[in-house]
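> Below, the features straight out of TrEMBL:
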{"type": "REGION", "residues": "1-23", "note": "region 'Disordered'"}
{"type": "COMPBIAS", "residues": "1-10", "note": "compositional bias 'Basic and acidic residues'"}
{"type": "BINDING", "residues": "HIS33, LEU35, GLY60, GLU81, ASP109, ASN124", "note": "S-adenosyl-L-methionine binding site"}
{"type": "DOMAIN", "residues": "40-209", "note": "domain 'Ribosomal RNA adenine methylase transferase N-terminal'"}
Amino acid sequence: MPKVKAEKRCRQQRRGGQGPGPGIMFNTGIGQHILKNPLIVNNIIEKAALRPTDVVLEVGPGTGNLTVKMLEKVKKVIACELDPRLVGELQKRVQGTCLANKLEIKVGDVLKTDLPFFDTCVANLPYQISSPFVFKLLLHRPFFRCAILMFQREFALRLVAKPGNKLYCRLSINTQLLARVDHLMKVGRNNFRPPPKVESSVVRIEPKNPPPPINFQEWDGLVRIAFVRKNKTLSAAFKSSAVQQLLDQNYRIHCSIHNIEIPENFKIAEKIQMVLKNTGFSEKRARSMDIDDFIRVLHGFNSEGIHFS
């Protein structure tokens, strides 16, 4: 394409670009709700504090309203899109412009592929993949600087919930163990096409680097037990026969590895209750416990040879 035409296309993109073709039907079953409000788009990009040297990971670019704006500011955007039809729309939108060589598109399910290197993640996520994608991000290495993500409002509020809040849950404490999480703004349904059935929020996630020196599998095993019934005391939560069977098996493996003899009258239930009493958390409830509390409980169990993974 002649240079003059390419420059004209770039000017069109800066003025707002070209939207999707008139025949595109969005599949809400896989979370296709396109963010159409340019003010919200600009606000998200501003919150991301993008740098000219950044490689940005975008998940669910749709027709590219966010993508095009980011391409103007960064070194590269890697866009992960499941729907080949929208891939075609996105390619057409930048084709022949100065932005085209800064865009890399990966077609497929982002949960089933390894994430590339990136500095920042900016995404209007399909809401049904919110939880697995958050943990895929937080366990990704090398570390990224931050992620600016659109979520269903209630999911976003669970991410930032503190002990005592009715939305505080395993998701809250696991995310906050690995990252600093901030609620940035609410986004109403009418800012999308087609409008979703729920309200939305934008959240900023900044991974803790270095991460806390905790085995995350062990941590999650403990937290999972505690939050099955978050209003129960820990003493009651650990009386589950399934929990006791798992911990008994793990304890016997630990003793076998370390050549520790197990008394004939050994009962895992008694040892569990002893740990909870000695750490002072026997009558505490998960709903009111913070990260430091769970670290102390985990250390108490581990020091007695009881493991959760």
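The backbone N, Cα and C atoms fix where each Cβ goes, and this holds for glycine too.
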> Across all the protein chains here, work out how many other Cβ atoms are within 10 Å of the Cβ of GLY60 (S-adenosyl-L-methionine binding site).
26
> What residue among the binding-site residues GLU81, ASP109 has the most other CB atoms lying within 10 A of its CB?
GLU81
> Cβ distance under 8 Å to ASN124 (S-adenosyl-L-methionine binding site), same chain, sequence separation 6 or more: which residues?
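Looking at Cβ-Cβ distances below 8 Å from ASN124 (S-adenosyl-L-methionine binding site), excluding near sequence neighbours, one finds HIS33, ILE34, LEU35, GLY60, GLY62, LEU66, MET150.
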> Take every residue in the domain 'Ribosomal RNA adenine methylase transferase N-terminal' (40-209), average their pLDDT values, and give the whole-number result.
96
> Starting from each candidate's C-beta and looking 10 angstroms out, tell me which of the binding-site residues HIS33, LEU35 has the most other C-beta atoms.
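In terms of Cβ crowding, the pick is HIS33.
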